[in-house]
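Quick look at what TrEMBL lists:
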type    : residues                               : note
SIGNAL  : 1-19                                   : signal peptide
BINDING : Cys133, His135, Glu169, His196, His411 : Mn(2+) binding site
DOMAIN  : 220-309                                : domain 'Peptidase M20 dimerisation'
Amino acid sequence: MKDTALLLLSLFFTTTLLAQNDLDAQVQQFADQEYPVLDTLYKYLHQHPELSSQEEQTSALIANELRSLGFEVQEKIGMHNLAGVLKNGEGPTLLIRTDMDALPQTEKTGVPYASTATGTNPAGETVGVMHACGHDIHMTVFIGTAQTMVEMKNQWSGTLVMVAQSAEETGFGADALFKANLYDKIPVPDYAIALHDNASLPAGTVGYRAGPFMASVDMVDITVYGEGGHGAAPHTTKDPIALSAQLINAFQTIVSREINPIDPAVVTVGSIHGGTVYNIIPDEVKLQLTLRSYSPEVRDQIVESLHRMTRSMAQLARLPEEKYPKISIRDPQTPATINDAELTNCLVTVFKETLGEEHVVETQPNMVGEDFSRFGMQDEKVPICMFWLGAVDPQKVKESEQGGAKLPSLHSPTYAPLPEPTIKTGIRAMSAAALELLGGK
């Protein structure tokens, strides 16, 4: 009897694995067949980038692609955000999200399809524009996955929601989506998933992390006031440059001496502006900081420390209260991306079956930010998972690990993903995840 049970169990898993392999073979075949069209799409998107909140042409292109596949599309869900819905019988609802915006960078990759586009930044300046964070890869995988799921409609049942998001880089896009009540406009998802290209993982691989995946992000402006005067008579002034220097040094102790060492956090002063010429002590100095953490409690502790330190040092400098430093935290804050453990483990199993264990790697939490986090922070408490998509020539990764040339990072003007294996792997991974979550038959 025991032997019979073991045999049945073995047959079950063998049948399941064969079915999974068959589905992946179909996805691979379709991705290979459609790749020339997807390659053209990728290069078009790469050559026509649009800055955050300005993705008018990009969003129109994505909307048209989804409509041509049979999705019901709603546009302008706050900014240039859009959602496409495809109903395919009874079953769960899955949301797949891509971002669309590019960065104010002049491209220096040297690839034949490099961007020469320019745009206007919020200050009214003309700047170069490029997809230095790989959102063109994201969109191409997004469309390729939508095509695959339509092609394989007989293999799943449920509702697929495809969301293309504006302004991820500035943190405004997802905030606008949910201020416009996205989950009232679409079927509420049972799961929400997304990917992000990775500038250190080889193409053909994916990376995952359950729990904290990306950090919360706060942008902080601090104006340090003083009483200016002649540089030759500092004793008649209250020097905001000297006070700023003291504050910058003090801020370094927040993480090292006030935050529990097991809680990752970052306080970085990225900009200092004060004074006009060499012999005048100014009336004020402006500092810009970024704060990173994984928990609201740690984030609040850092903010409290900034207020306490700036106030205390202003008192030591004998400044009147009206000249205490002014702290302004820019809105919206980007919350930490926390991957649902159960959903992540489910996807990891699928990825290993699809790509092979050697192509699925566990990564460390990252201190960059991603507003995909908001998809899981609404009242509906949707489980979310974002995963990494390797995008670098494997040979270049190997050479870099052996002491060769350093790999360009995301946001570098020289960052150029390896398109074909990256896009095909993204489609295989995302489609496999979708088929699993929507009850692949």
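Using N, Cα and C of the backbone, Cβ positions are placed for all residues, glycine too.
The structure displayed is predicted, hence computed values, not measured ones.
The structure, with features from TrEMBL marked on it.
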| residue | record | Cβ within 10 Å |
| --- | --- | --- |
| Cys133 | Mn(2+) binding site | 24 |
| His135 | Mn(2+) binding site | 27 |
| Glu169 | Mn(2+) binding site | 21 |
| His196 | Mn(2+) binding site | 26 |
| His411 | Mn(2+) binding site | 15 |
Remaining residues near the recorded Mn(2+) site, that is with C-beta within 8 Å of the centroid of the site residues Cys133, His135, Glu169, His196, His411: Asp99, Asp101, Leu103, His131, Ala132, Gly134, Glu168, Leu410
Within the predicted model, mean pLDDT of the domain 'Peptidase M20 dimerisation' (220-309): 98
Mapped DSSP class for His196 (Mn(2+) binding site), helix or strand or coil: strand
Secondary structure content, the domain 'Peptidase M20 dimerisation' (220-309) (per DSSP, counts of residues): 36 helix, 32 strand, 22 coil
